[in-house]
Amino acid sequence: MSVSAHAAQKMPAPSSAMMRPVMILAGGTGGHIFPGLAVAKVLRARGVPVTWLGADDAMETRLVPQHDIPIDTLAISGLRGKGVVKLLGAPVRVMRAVRAAGFVLRKRRPRAVISFGGFAAGPGGLAARLLGAPLLVHEQNRAPGMTNKVLSRFARRVLTGFPGSFAGEEAVGNPVRAEIAALPAPADRLVGRTGPVRVLVLGGSQGARALNQAVPTALAALGHPEVELRHQCGEKLRAEAEAAYLQAGVNASVEPFIADMAAAYAWADLVVCRAGASTLAELCAAGVGSVLVPFAAAVDDHQTRNAEYLVGADAAVLLKQDDSLAVRLQQVLQTLLADPTRRLSMANAARTLAKPDAAERIADIILQEAGSGDGQPPAVQERAGLGIRNKQTHKQGSMQTSVNGDRSAQLIATNPQSRLPNPGASAGGAP
């Protein structure tokens, strides 16, 4: 078993005298972590404690403690792209991770568990199911990740950022920062503007080399139109981006990071960016039109699926990342830079897709399930393809867990002491 804990001094394992926390499973990328942090902020504002389960040495171990949220971590990593030998050993590693996650759940005794995706979410969600903690899933992308696909089969509620990800989903949206959701309507910002067209290019925290190359080339080919340009490029690619604009003879403000994204969106007439779920949620909340260039290597091409949702509402233009990107970007910019009416129409269309209260809605649903649950599994149910079910028995008031008849998969002991205690009960033999 490998479990480590951060910020344990800030919040000890809950006792019967304390309110039981909500556990968030999220990690690996900002796309999973930041929605979890947004929901955690809402829950804590309501007086609900939050605890986090992540993976060793992953991004969440640096970000989550900054918010004074206790985090436990598992020794787990992704399986995609691994060699045959490592894949053959994966079941053993997953079983160990589920066992370790069960240890954490018995220690933290969460009143509900929600997965936003990431390496630790799989073992954490399976342990929650086996121990009877109410489990929810929030999927940010239109093309669901592997972990949430599995967990969705036996989660109590399946929440999504975009419609069309799962059957029986609840499309609540992706959480965005309050200051972005509070921006004035597009017409209040854009109508009557004079001067150069303001273009905001977002490469994300890691930068986007394709945008670093295509945007300067496209603008130079347009004959240096009257444009005011801000390009967020990430720290690692800053020198490369500055050199590309210098070579193209295009003036641009190149920034590795933008601290005030609300002000940046309010400033922009048009955004050129990738199509991550959180970025698109911000574009909609702000109400700004965009040219979307999905990351070509994204898992299951999920960024293209995300972008298609905005394109279908006439809120964005989609360009594929390939060798002709600069030429096609030049053509699109030539049209949009000269057409303020089209830009305003795209901005209004984006705003109609916004779900600015997503974090509040997710928190509401978590607490609905936490309030209705007693720390025991829900009624017998089985979702297609997984074969996991919970059977209620009356012997000593315990629950018997069956996993497709395979006792080797029963990683969490099924005696009454191993289950999450009922509210108000003592922690019993929990470590």
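Just so it is clear, glycine is given a Cβ too, placed from its N, Cα and C backbone atoms.
For the UDP-N-acetyl-alpha-D-glucosamine site, Swiss-Prot gives Thr29, Gly30, Gly31, Arg177, Ser205, Ile258, Gln303; the one candidate out of Asn141, Asn148 that the record lists there too is Asn141. Under 8 Å, Cβ to Cβ, and six or more positions away along its own chain, Asn141 (UDP-N-acetyl-alpha-D-glucosamine binding site) finds Gly31, Gly161, Phe162, Ser165, Ala277, His302, Gln303, Arg305, Asn306. Residues Thr29, Gly30, Gly31, Asn141, Arg177, Ser205, Ile258, Gln303, recorded as contacting UDP-N-acetyl-alpha-D-glucosamine, have a largest CA-CA distance of 24 Å. Among the listed binding-site residues, namely Thr29, Ser205, Gln303, the Cβ with the most fellow Cβ atoms inside 10 Å is that of Gln303. Shown in sequence order, Arg230, Gln232, Ala264 are the residues of the chain, 6+ apart in sequence, with a C-beta less than 8 angstroms from the C-beta of Ile258 (UDP-N-acetyl-alpha-D-glucosamine binding site). The Cβ of Arg177 (UDP-N-acetyl-alpha-D-glucosamine binding site) has 18 neighbouring Cβ atoms from other residues within 10 Å, across all protein chains displayed.
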